[in-house]
């Protein structure tokens, strides 16, 4: 499939092939990563990348949009069907762009927002001082209970009463437990706040009924379209009639220009795939695998924040091992096991070191792995973290990982990337 690229730019072609090899021979345990289908990749690699289409279907600023109109309309309809909403905007280039559009539509600079602390599992776009959200708005934070590691809803409610925020965000990037959207809406209503649910990590679980839905609770919902949803990298906004017009205008012309029609086509394909019964089976297996992996890690003597997981990810507290998250990530990389360093609640380490690692099961579940493989993966992780500097041991494990991966190849579409 790369014959034209090899002829034009062999350096890039070689790097792509090497990345494909890395994905085939290693275990991808980064909670935000997954493998798309060949159908999604074909849509993204199509002639749609050539087409400008500013505006919405039927209301474009360019001619020649009859076919991209049909594609975007399908993406909108499938997204609404998948999540049970009346309106969707499929144009955001990313989850961050979706959040920017929501904030600029619903807030004025200086308005007060209440978001989850980044080191407690929140996200940069929910008020971090290094992000636009922390620079433009008056931000206050809630977090998790120190004993349980779960969201402290009583403290959240107390803070909301004290500061009377314009917007409360319920969204996470490293939180392993179920989010109580109904309780969040109750708190928001009590103080007259709007509720935004950022379900970027759990969208696939929500769509499949494996996590409670924010629909009917949140005033607006944002998400990415990859991660557990297994689509192309991009963003999505879901909403009802009350905010549809202003949110659509906030995406275009408010914060973006021309939409990426090839990515929107990929989103439409992915939404269609997620509407099939087998996607529900896939999402259920993600959670079963996560529970099995969490149990295996705890059996290795490792500590998990909150003591386990209800969704697709878990957060390992490494302080008892003497390793930082960065050190653990490097050692696991050498063993062909990919994770990411991640802050734990009230982490004493700086962001580039951290005291934890985040682990997720969406990608290995796509490969067809199940609970027995999770037990083996947990054993490998435990061994690596016990002997992080034993190069011979790490090389042996990398070989064993490659052997396992041969029995559970990445989707056939990925293999075809080799040509």
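Yeah, the Cβs are placed from backbone N, Cα and C, and that goes for glycine too.
Copied from Swiss-Prot, the annotated features are:
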{"type": "BINDING", "residues": "118, 122, 123, 124", "note": "(6S)-5,6,7,8-tetrahydrofolate binding site"}
{"type": "MOD_RES", "residues": "227", "note": "N6-(pyridoxal phosphate)lysine"}
{"type": "SITE", "residues": "226", "note": "site 'Plays an important role in substrate specificity'"}
- Note on the structure: Sequence-ordered list of residues in the chain of residue 226 (site 'Plays an important role in substrate specificity') that lie 6 or more positions away and have a Cβ within less than 8 Å of its Cβ, or none, is 32, 33, 34, 36, 232, 233, 234
- Query: Cβ distance under 8 Å to residue 118 ((6S)-5,6,7,8-tetrahydrofolate binding site), same chain, sequence separation 6 or more: which residues?
  - Reply: 124, 126, 128, 343
- the residue listed as 'N6-(pyridoxal phosphate)lysine' falls, by three-state DSSP, under helix
- How many neighbouring Cβ atoms, not counting its own, are there within 10 Å of the Cβ of residue 227 (N6-(pyridoxal phosphate)lysine)? 27
- Note on the structure: In three-state DSSP terms, residue 118 ((6S)-5,6,7,8-tetrahydrofolate binding site) is classed as helix
- Task: Count the other Cβ atoms sitting within 10 Å of the Cβ of residue 124 ((6S)-5,6,7,8-tetrahydrofolate binding site), across every protein chain shown.
- Result: 16
- Message: Tell me the Cα distance separating residue 122 ((6S)-5,6,7,8-tetrahydrofolate binding site) from residue 227 (N6-(pyridoxal phosphate)lysine), rounded to the nearest angstrom.
- Response: 16
- Including all protein chains shown, what's the count of other C-beta atoms within 10 A of the C-beta of residue 123 ((6S)-5,6,7,8-tetrahydrofolate binding site)? 24
- Item | Check: same-chain CB within 8 A of (6S)-5,6,7,8-tetrahydrofolate site center, minus 118, 122, 123, 124 | 115, 116, 117, 125, 126, 127, 128, 131, 173
- Note on the structure: What DSSP gives for residue 124 ((6S)-5,6,7,8-tetrahydrofolate binding site), in three states, is helix
- Query: If you skip the near sequence neighbours and keep only those at least six away, which residues in the chain come within under 8 angstroms of residue 122 ((6S)-5,6,7,8-tetrahydrofolate binding site), Cβ to Cβ?
  - Reply: 115, 116, 128, 141, 169, 171, 172, 173, 175
